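The following features are taken from TrEMBL:
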- A:217: active site, proton donor (ACT_SITE)
- A:10, A:11, A:12, A:13, A:14, A:15: NADP(+) binding site (BINDING)
- A:117: NADPH binding site (BINDING)
- A:202: L-homoserine binding site (BINDING)
- A:10-140: domain 'Aspartate/homoserine dehydrogenase NAD-binding' (DOMAIN)
- A:149-327: domain 'Homoserine dehydrogenase catalytic' (DOMAIN)
């Protein structure tokens, strides 16, 4: 039985769930791939743990035998692993600390799975170039739209279909806020406060409301699907803040529903442009059916027609499952390589 | 540059398009995979052609240098290829001739791509067992729901998500017929005649109307996704024929829309049951938005929530593109194996 050694950086809500989920799936991986998949290292912000014999989900959650200061470069110096799952906070200023984790992992010839988005947005070029040089994989399901498999759908299910347009509802908060304003006639502040009370919006909701979250996901998807490097600052963004009462009334009269969407469009020379827009959809459009934190995707292709996807409601468990899915795909590649 | 030699059996509407589509994609495969992907053999019902130097889409369509009698076992005796695309007619009685093509291909250590469904429905057990023994792949995108990527979505995008339920609109004819009866108050015969005139229904529409087409696709998907062998005769089927005027009136009163759907359900011990049902959906359900030959899918999972997919309208080009996608996935596996 071959061993696949996994490291996790960032052991907050998502990271610790990934540890537990991996432990739960290990017997299945052993049976199907004849592989012993185990966590051999975890690193939080100020402490970490390395144990080649395997670290249980309980030890990750309990943190009773974590070593103070076992983080950053020291963690990677001591770590021997095959795959890194980066699940720390997303920092859109300089990508730290995720970026240095990913760089160290690729330097150490690990495949990398990104759940955090910061490093991908700030330095996607750099990460993918290093991965190509090291002949290692970058998987980003958890960073692209968590439980909605955008990247897999576009690159695998529609391989060769020639995607020309991607339009998606990627941020649950803005759907909730726009729906609340539309249905109940509330103003933005009250709608945002309601979203926060319902646990949907973050304490700092501007990142979602102003379209930055959607733009960040577009940047991640554009890189993973089209190998296009789009600086996030260059993405034109409309904000939910600019939606006013008159617009809402007008949309109601026309029986159309507003959504904040991210759009990627390819021109004839396959150049990708991105934008974040407040758009309205008729009741018969799948996007108007998406509620709460559900994601929705529309894809146009040259060879296989058009598709709509609905689902992938946000949840920590679903995001963890998306990261483990990426790991399963890496496992499939590594196992099929080794038997030949 | 490595050569991937492709054979096509069945050179009707779909098969000849696959030849053309493959030729169109060859430069891309050369660039991305450093692989010379070429058609080296084609076999129609009474004649065929083998040419290791490659057969253009024009030669396949023109058939001017086909050799009479170069079919069946004689074709496979002379053929040297890596992948077979079986795109002949679907025969649900004994699977011939597709079944013997697939058996001969697996015997010759080829990967196989099924566009026709007959052999998979009649002898899926046999085909998958032979493929496992030969360590070769069976890909069935074109047979499962042509342009709607059901199998890829369930097995790849949702890997590890634990699918518990699959409900899908897999037959365009029945959507058209039910919609026509519902909207215009027409009776079944008139609605079917209209579907035939519009080129949607087959000359013998009973196969679709009675749910056999949906049942056949369920059998193919159940095997590919859940490794479950379901005899098609064992699938309970409701027929559109049993829909009467009183039902239509009642559904209209309740503002719900009828659809013929195929359902796969997993019980707690992961046993799969299949059924074909006439079910009604509210206007807010994605299935009520599916029109014409569009496919629609609902999936429930334990770990990643629920999903709806819409799209994949039937077209010969889209079905050809689905087969070429399967080929691309095989190419990815073969290339990643050879470089390690």
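For all residues, glycine too, the Cβ spot is worked out from N, Cα and C.
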May I ask you to report the DSSP-based helix, strand or coil state of residue A:117 (NADPH binding site)?
coil
Sorted by sequence, non-A:10, A:11, A:12, A:13, A:14, A:15 residues with Cβ within 8 Å of centre, NADP(+):
A:8, A:16, A:17, A:18, A:44, A:87, A:88
Summarise the model confidence on the domain 'Aspartate/homoserine dehydrogenase NAD-binding' (A:10-140) as a single mean pLDDT, whole number.
96
Tell me whether residue A:10 (NADP(+) binding site) sits in a helix, a strand or coil according to DSSP.
coil
Same-chain residues at least 6 apart in sequence with Cβ under 8 Å of the Cβ of residue A:10 (NADP(+) binding site), in sequence order, are A:43, A:44, A:86, A:87, A:88, A:89, A:98, A:115, A:116
Which site among A:12, A:15 has the most other CB atoms no more than 10 Å from its CB, taking these as binding-site residues?
A:15
Chain-internal residues, separated by at least six, CB under 8 A from residue A:202 (L-homoserine binding site)
A:173, A:196, A:208
Within 10 angstroms of the residue listed as 'active site, proton donor', Cα basis - binding-site residues out of A:11, A:12, A:13, A:14, A:15
none
With every protein chain in view, how many other Cβ atoms are within 10 Å of the Cβ of residue A:11 (NADP(+) binding site)?
24
When the Cα-Cα distance from the residue listed as 'NADPH binding site' is computed for each of the binding-site residues A:11, A:13, A:14, which gives the smallest value?
A:14
Structural state of residue A:15 (NADP(+) binding site), classified by DSSP into three states
helix
Ordered by sequence, the long-range same-chain Cβ contacts of residue A:14 (NADP(+) binding site) under 8 Å (at least 6 apart) are A:87, A:115, A:142, A:316, A:319, A:320, A:323
Within 10 Å of the Cβ of residue A:13 (NADP(+) binding site), how many other Cβ atoms can be counted across all chains shown?
11
CB neighbours of residue A:117 (NADPH binding site) within 10 A?
25
Test of understanding: give the count of other CB atoms lying within 10 angstroms of the CB of residue A:217 (active site, proton donor).
26
